[in-house]
Amino acid sequence: MCRRAEDLVLLLIPILFGYFSHASEHECKCVLFNVTSGNFHSPEFPAPLEGVPCLFYHFQAPPDHIIRLTFDVFQLPPRIGVCSSSIMLFDHSTDGLIEFGERADFEFCGKEISSGRQFFSKDQHFLLQISSGKESSRGFRGSFLAIPKKNFTSDAVEMAECSYRVEKQKAIIYSPDYPYYYPSKVNCTYHIPQRKGFQIVVNSIVMDIGRDAILQIFESVEGKFEKRLIEMVTSVQKSIYVSSTSSLLIYFSAGNNDVERAVGFVIELQYSNAVWSQSPETASECQLNINSENFKEGQLSSDKIGRFTSSSLPTKCQIVLQGYPNEKISVKFTHFNLYVPDNKNVTKRCTEVDNLSADVRVGSRLSRIDEWCGKRAPPNLMSSSNLLQLEYNTKSSKAIRESTNDDIGFRLDYKFHTDWNMGNMKAKVDKKKECRFSFNSSEHTNGKLWSANYPGLYPRNLYCEYIFHGRNDQVVHIHFEYFDIEGFNQCDETTQSDYILFSNYQTHDRTNRRFCGKTAPKGPILSESNYFRMIFSTNDIFDATGFYAHYQFITQEKSQISRVKLTISSSQTPFSSFFLVILLFTFRYIANIF
């Protein structure tokens, strides 16, 4: 498709950005992106796009990789019957070549590509064709990334063609060719064998099957031939959750997918062995399990828990709140006053007096948040997974507690939820991302934003994105009113710090520093353009109360100089940047000749 231009400069300088070829018959030029990540945009962006009759962008990944394109800006003249200007995507080429006149897999114009939309190639080549008439438009901008195909390999043993057996404690299975759309007429089976003392939990991460497809889950007992249908998924269903102590067989029949091009499914499978239930010896002391299958929200009081209602002895009680795999748990204390003898000092340690501790599940282990005693009430708590455990330890007897005139004990409200409880932030929530919020100036020119569970402790192992989209002539100001992010120094991995990072790109931006600690950034944070991204990342070690900020889209005067910034990889030396500039000017010179 793209041929190397016979030019001395191109022969001497390694190609960092791409190269042009002159097709004498069809007058198409081609730019090759042969690095693993970077940014792309319409010619001369942010200057208007016009008068580009035929230009190809060829994205080439290493072998056994695929290409992902992500758009953050897309605005061409609108479709009036047909597109006067458009981009066409060819996502299935095996060698980077297409035939003249070959029909594209996708054609877009107007505002038909929303911000954040992603496209995947089937193999290592992805071709994007630009065709622009005389009518000017804003153009487009995005990022590309080469991804190893092995990232989408099912955690299962392939017994025959598209027939798998799951043998791991926890596994993820993918539909054929995911994240590319699955082929038509394919039939696949996934066998999850029974394990004594375990239940199998099936939870969908992605569920997008076409109208002609069907996914069925059958239950059977090992050693027996009969099976029972327990779940049937069609195109209208976007999620599944199934648990069983028997063997499971997942059967997928694709039907025809040539037109609809559904991407299929990503399903998480896990053997759950009642880790959180107690042995008869310990369970007899005090154990309370609250499951979201029965109660999505409710209240709890310490004087209603287990042996606290009758025992006169010191004891401890575990309260386990467990939801579905896609749920989180929030806890808010409405009363907290634990008994403390007059001769005890609880300013430093709570272990010698009545206390309450909280743990959350991180991976396969429980991680302690903190412990509280006296009248120091816990902050609002939120888990990042589907399990949160409280443990109430009493050193005092019931008689001593009741002898006081104080209201001894605690009361709390709990809630199971699938979102981050941030609906009041007036942001658009990306359902395909775990924690992504978008702010568009067409809806609100200013507003507030905050960390999950603010003003309580933010969850652990969190990665949240706050995306800002303004008009062409707008930038974004962000000003922090409250800032408490656990960390210090450079806020990097060596200090095990949580952090906030700002970026003007969708890919990783090393030019912007991280922020953490208790000191907010000085003055407002200002974006370079109308697109801005704020990242909030937490680890699984420590906690803090997060941040509260306000944002505003501000209209600026248009620059007298049109500046173009081309970024292909995350790092370039001054030497390579110098030759890149020479190369770009050479391309323009060649283009003018032809």
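Glycine is no exception: its Cβ is also placed from the backbone N, Cα and C atoms.
Sequence annotations record features per position, and here Swiss-Prot assigns signal peptide to 1-23 based on sequence analysis. The topological domain 'Extracellular' feature in Swiss-Prot is assigned to 24-571; the stated evidence is sequence analysis. Summarising the annotation, Swiss-Prot assigns domain 'CUB 1' to 28-147. For Asn34, Asn151, Asn187, Asn345, Asn355, Asn440, the entry in Swiss-Prot reads N-linked glycosylation site. If you look up Swiss-Prot, you'll see Cys83-Cys109, Cys162-Cys188, Cys286-Cys317, Cys435-Cys464 marked as disulfide bond. The domain 'CUB 2' annotation in Swiss-Prot covers 162-272, and the record cites sequence analysis as its basis. According to Swiss-Prot, the domain 'CUB 3' annotation covers 286-417. Annotation source Swiss-Prot lists domain 'CUB 4' at 435-554, citing sequence analysis. For 572-592, the entry in Swiss-Prot reads transmembrane segment.
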Cα distance, Cys464 (disulfide bond) to Asn440 (N-linked glycosylation site), nearest Å? 17
Secondary structure of Cys188 (disulfide bond) (DSSP, helix/strand/coil): strand
In the domain 'CUB 4' (435-554), how many residues does DSSP call helix, how many strand, and how many coil? 3 helix, 55 strand, 62 coil
Cα nearest Cys162 (disulfide bond) among recorded positions (Cys83, Asn151, Asn187, Cys317) -> Asn187
Give the sequence-ordered list of residues that share a chain with Cys435 (disulfide bond), lie 6 or more positions from it, and have CB atoms under 8 Å from its CB. Trp420, Ala452, Leu462, Tyr463, Cys464, Glu465
Which site among Asn34, Asn151, Asn345 has the most other CB atoms no more than 10 Å from its CB, taking these as glycosylation sites? Asn34
Between Asn34 (N-linked glycosylation site) and Asn187 (N-linked glycosylation site), the C-alpha gap once rounded to whole angstrom: 35
I'm trying to understand the geometry here, so how far is the Cα atom of Asn345 (N-linked glycosylation site) from the Cα atom of Asn355 (N-linked glycosylation site), in Å to the nearest whole number? 13
Distance, Cys188 (disulfide bond) to Cys286 (disulfide bond) (CA atoms, angstrom): 46
Sorted by position, what residues of the same chain at least six away from Asn355 (N-linked glycosylation site) have a C-beta under 8 A from it? Leu338, Glu371, Trp372, Cys373, Tyr392, Asn393
What count of other C-beta atoms do you get within 10 angstroms of the C-beta of Cys188 (disulfide bond), across all chains shown? 21
Can you break down the domain 'CUB 2' (162-272) into helix, strand and coil residue counts using DSSP? 0 helix, 57 strand, 54 coil
Find the average pLDDT over the domain 'CUB 3' (286-417) in the predicted model and report it. 83
Have a look around Asn187 (N-linked glycosylation site) and count the other CB atoms within 10 A of its CB, chains all included. 13
Cys317 (disulfide bond): which of the recorded positions Asn151, Asn187, Cys188 is the nearest Cα neighbour? Asn151
When DSSP states are grouped into helix, strand and coil, how many residues of the domain 'CUB 3' (286-417) land in each? 13 helix, 64 strand, 55 coil
